[in-house]
There are 2 protein chains.
Amino acid sequence: MKPIKVGLLGLGTVGTGVVRIVEGHQEDLQRQVGSPIRIEKILVQNPTKARNIAVDAGKLTDDPWDIIRDPEIDVIIEVMGGIEPTKGFILEALSRGKHIVTANKDLMALHGTEILAKAVEHRCDVLYEASVAGGIPIIRTLAEGFSSDRITKIMGIVNGTTNYILTKMSQEGAAYEDVLKEAQELGYAEADPTSDVEGLDAARKMTILGSLGFGVNVELSDVSVKGITGITKEDILYGKKLGYEVKLLGIAERQDDHISISVQPTMVKTSHPISSVNGVFNAVYVYGEAVGETMFYGPGAGELPTATSIVADLVAVVKNLRLGVNGRKVLAPYKEKKLKTDEQISAKNFILLHVEDKAGVLAQITQVFAEHEVSLESVLQHPNANNPKAEIIIITHDANQASMKKVLKHFETMDVIQTIQSVYRVEG
Amino acid sequence: MKPIKVGLLGLGTVGTGVVRIVEGHQEDLQRQVGSPIRIEKILVQNPTKARNIAVDAGKLTDDPWDIIRDPEIDVIIEVMGGIEPTKGFILEALSRGKHIVTANKDLMALHGTEILAKAVEHRCDVLYEASVAGGIPIIRTLAEGFSSDRITKIMGIVNGTTNYILTKMSQEGAAYEDVLKEAQELGYAEADPTSDVEGLDAARKMTILGSLGFGVNVELSDVSVKGITGITKEDILYGKKLGYEVKLLGIAERQDDHISISVQPTMVKTSHPISSVNGVFNAVYVYGEAVGETMFYGPGAGELPTATSIVADLVAVVKNLRLGVNGRKVLAPYKEKKLKTDEQISAKNFILLHVEDKAGVLAQITQVFAEHEVSLESVLQHPNANNPKAEIIIITHDANQASMKKVLKHFETMDVIQTIQSVYRVEG
């Protein structure tokens, strides 16, 4: 049987994992797809550099066009990352009828719609399981497992670095800066951690999940984003006391035809399954009208987990090749996008205030909530021995975001409130 | 576009859910598959009976052959259950080129290999996502999501009734009999609960998962099965004290080419994600050589969750129909089955003994473990105020099952041991 020829763009950590799996599992793969799968050419920056993996030097090239223009190459696996020149390579490869497997969340989040349209035009597959939540097959779960259902909520821990930091802060009572430093030393966080800790990486992944889950062209600018840099030891401690863990959640919601997508630190009730997802693990919680609550848990990154998803996509492409049906199951967004307004976004809130420790303060504060029609689930006043100010923790019932903004604006004008220390969404 | 015509065998809880989803989500389904999907005929025992759902009386029939022999029917959804006459209906339908979607775990566990072979012969699809873990898309996850990996362990909470009972026993310190009675009153357990509480239902599901995960024809008789009827309040209490929850786990393991499959009550460390799966929820934990640890969580039963899986399978069949590729992705077992011997099955064990409360007993007991080369992780001696006997709890290191059987046999001959109260596998 004629072998399927694959071009690999990039031989970093994940690219190396792909080579290992394709070579190591060749017999099993061949039995599934009916033909050998061969990685024929690999794009690298420096073909003479020493590497962690033995690769035939004749396969290495530093010229991308040597791969993209090779008529023998059937499938291109893109693990080089970045937006340009990667996007140009992929579009050109598609126009030449090559199928694409990519792990590139940035590219799919920003240009997924354009790339999928090009794929349909040329009857090519573009699969991107590895772009979200590494080893968890969440893309095919949304596309196929829940094809019959209407998904109304997707909540994801989709960034391992921030989940590692929050887990450490929770388990050890450590401060953000200290844990970040440790994570950087262990290689779990980048030297410049901005993209992770500010929630931007998670936002890109939620763009992809939201588009797929709701059939709508979600753009990165539709996602409201808040990172974890402001989370204090106190937040986590008070959360714990009330039965919550702080998690950086991507939350995509739909009500009727209106959607909202956000990334934000969230107080998650410890009875909710996503609250116990710890360390660098990822998890995606999906709520469907018919199926109800489900959750998918696994490694969010790493050489082999991510490569597992890439090679599973490769298997799907090759099966389609053998059946002659590539590019026929592309799920492009088909619904009109209607974003929720602040009035339509509703959630419980956790609010920690530092206030003057004197009579009548609590009455003034609760009066503000009443004025803006936000009702309260619980109020906890906490004298602080080291401090002349008191701490008040309030958990609201479901309140719309517009009202909450009014409450917080009102608080800023009140002399008795010294600081609005923290405001978190509450889930579970 | 010509509608796809579906015959439905059975209109009980799940069948009703299927009708609701196919009708309620018709527009979304049509957009995905490109043609209307119509439930054309429905097999019922009594066409004139009053029902929870409005169905055109003209669609109802009490003659299965009216559906199976109808040349207009493209797909048959089987939710009538049972082995015969169901198996005959399905084989006949396949020989007439009809595709099958089934929720029938009993049939797939006992005759899956025969049915899949018939499907390949006639180029038909047989999909059975709903047969295991209701709304969790675990079948397609094993077949496609992890197609590139080598799965070495599958652990499942795949029976909601027993998980409900164990959760209640754990949370309320209640006795098995009392919780079972309550579960029966709530409809979570059958009047005759044998199939659930003796682990037989879970064993059938593990047969299906093991076959698919390992590419081997696992038969029901290959599964060693122990149910939950012997679990006491004390077991759960002592487990908790040591950081374990008792769960009825299906465990399928592979080492090199040898496999073992069992269903048994297991002490699961509370740090393991499957330990916190509570109530009627199901979860399947999958370990792959490359991907590492993953877990899939969701409702294990129920009208709409199960129907979601069935209709997702229906969507897959119809997409294949439109592409003309049905029956081309059937994953029949292809590896030779080699079962592990007792010497090859290795696990930690939790043992609770009632012993005479006198000097030297512990030394005699630990000596027995040493003789059979079972090393111990921890030993806890617990005087019992209400009783002249003492309780000893032992947790072993990994020990092979043959040695453990020898230890227990030896214990039976010892006068100082009054009862071998409990022996559980330990995970996590």
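Keep in mind that glycine also has a Cβ here, set from the backbone N, Cα and C atoms.
Remember, TrEMBL labels are computer predictions, not curated facts.
Listed in TrEMBL for this protein:
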- A:LYS205: active site, proton donor (ACT_SITE)
- A:LEU9, A:GLY10, A:LEU11, A:GLY12, A:THR13, A:VAL14, A:GLY15, A:THR16: NADP(+) binding site (BINDING)
- A:LYS105: NADPH binding site (BINDING)
- A:GLU190: L-homoserine binding site (BINDING)
- A:350-425: domain 'ACT' (DOMAIN)
Neighbour-count leader, CB within 10 A, binding-site residues: A:THR13, A:THR16: A:THR16
Sequence-distant neighbours of A:VAL14 (NADP(+) binding site) in its chain (C-beta under 8 A, six or more apart): A:VAL79, A:ALA103, A:ALA130, A:GLU303, A:THR306, A:ALA307, A:ILE310
Listed in sequence order, residues not in A:LEU9, A:GLY10, A:LEU11, A:GLY12, A:THR13, A:VAL14, A:GLY15, A:THR16 with Cβ within 8 Å of the centre of the NADP(+) site Cβ atoms: A:LEU8, A:GLY17, A:VAL18, A:VAL79, A:MET80
Count of other CB atoms lying within 10 Å of the CB belonging to A:LYS105 (NADPH binding site): 23
Nearest-integer angstrom distance between the alpha carbons (Cα) of A:LYS105 (NADPH binding site) and A:GLY15 (NADP(+) binding site): 15
Other C-beta atoms that fall within 10 angstroms of the C-beta of A:GLY12 (NADP(+) binding site): 13
Cβ neighbours within the same chain of A:LEU9 (NADP(+) binding site) - under 8 Å, at least six residues apart: A:LEU43, A:PRO64, A:ILE67, A:ILE76, A:ILE77, A:GLU78, A:VAL79, A:MET80, A:THR86, A:PHE89
In sequence order, the recorded positions (A:GLY10, A:LEU11, A:GLY12, A:THR13, A:GLY15, A:LYS205) whose C-alpha falls within 10 A of the residue listed as 'L-homoserine binding site': none
The domain 'ACT' (A:350-425) [mean pLDDT, rounded to integer]: 92
Secondary structure of A:LEU9 (NADP(+) binding site) (DSSP, helix/strand/coil): strand
Binding-site residues compared (A:GLY10, A:GLY15) - the one with the fewest other Cβ atoms within 10 Å: A:GLY10
Packing count at A:LEU11 (NADP(+) binding site) (other Cβ atoms within 10 Å of its Cβ): 25
Other CB atoms within 10 A, centred on A:GLU190 (L-homoserine binding site): 14
For A:LYS205 (active site, proton donor), nearby residues of its own chain (Cβ under 8 Å, 6 or more apart in sequence): A:LYS105, A:ALA109, A:SER131, A:VAL132, A:ALA133, A:GLY156, A:VAL158, A:ASN159, A:GLY250
